[in-house]
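K.L.:
Have a look at the structure that comes next, please.
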Ligand code: F6P
């Protein structure tokens, strides 16, 4: 059997670990041959391939990024996109495809599966907001990077009696902010799921200073002020998702705090640092287990499925489970963290 592999969407620590496990198990146990498709769905769309075998996978386990390259190409948004993919898979002699990606990539996989393409999905995102799986690989690495940054910012905030606002990734979900905020001992965490009240934030900042400590805020890039509250965003500064462009929400919150409380505030945007570099041991472990299971799913002809972590087990669930509604932070989980605010 000839199996195509692709990685789509934003890169994520652990992608190479999945590829390595898929190939090792595929070659050694199932006798597969592999075709690497480059740059996400652009690969099968334009017939851009690379050799993929055990040799190409040597030494890649601890490497960030993806040896296959990635893109956000969506064949369903392009003329004849789906037919071109089907034609290229046929001419490459590919019987099945393993798509490793997030909401968009797996959304495409779901639709292709409905159209009869033999596809299996592996969920990835540092944001951890895909449904159907307890965790996605990449998330643990991102949380560790953010936590280390918060630890470091505590001491500089204290030295200068400043407010430090750390903006972390998470366009729609606050998982990275919540987990790193708890792990790093942040004093306030703002997430997209719970619009914030800037007056309450400023009151917490002031009470923190009253107890002679400098506050650290962790803010998801997708956090928004409460409608009807005293902080408003101007239409020109908002992007298609309703988030602050340029400088971002972290910068905007720092400025509001400074103006309203008179306390000096600085914003730090962690950005793509959270996505780059070597994956943690947990992410390598999870990614590897997803890869092994994806190879088995192809061997079993179990197409239209996505690998998922449930407790400590890797199971296969219908692809649609991962690409339906996003997995968001519940009010209860957020309330738990609020005990540490202020
Ligand atoms: O989906 C992961 C993510 O890292 C989001 O948190 C972030 O909003 C987005 O990707 C940014 O991706 P890019 O810069 O690649 O468009």
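Glycine too: its Cβ is placed from the backbone N, Cα and C atoms.
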K.L.:
Where TrEMBL shows 125, 126, 127, 169, 170, 171, 221, 266, 272, 273, 274, 275 binding substrate, which of 162, 260 is named for the same site?
P.N.:
162
K.L.:
Go through 169, 273, the listed binding-site residues, and name the one with the sparsest Cβ surroundings, counting other Cβ atoms within 10 Å.
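P.N.:
Ranked by other Cβ atoms within 10 Å, the binding-site residues 169, 273 bottom out at 273.
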K.L.:
Of 124, 125, 127, 169, 171, which recorded positions come close to ligand 1, meaning Cβ under 6 Å from one of its atoms?
P.N.:
125, 127, 169, 171
K.L.:
Go through the recorded positions 10, 103, 124 and tell me which ones have a CA within 10 A of the CA of residue 275 (substrate binding site).
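P.N.:
The recorded positions close to residue 275 (substrate binding site) (Cα within 10 Å), listed in sequence order, are 10.
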K.L.:
Should residue 266 (substrate binding site) be counted as helix, strand, or coil on the basis of DSSP?
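P.N.:
SS state of residue 266 (substrate binding site) = strand.
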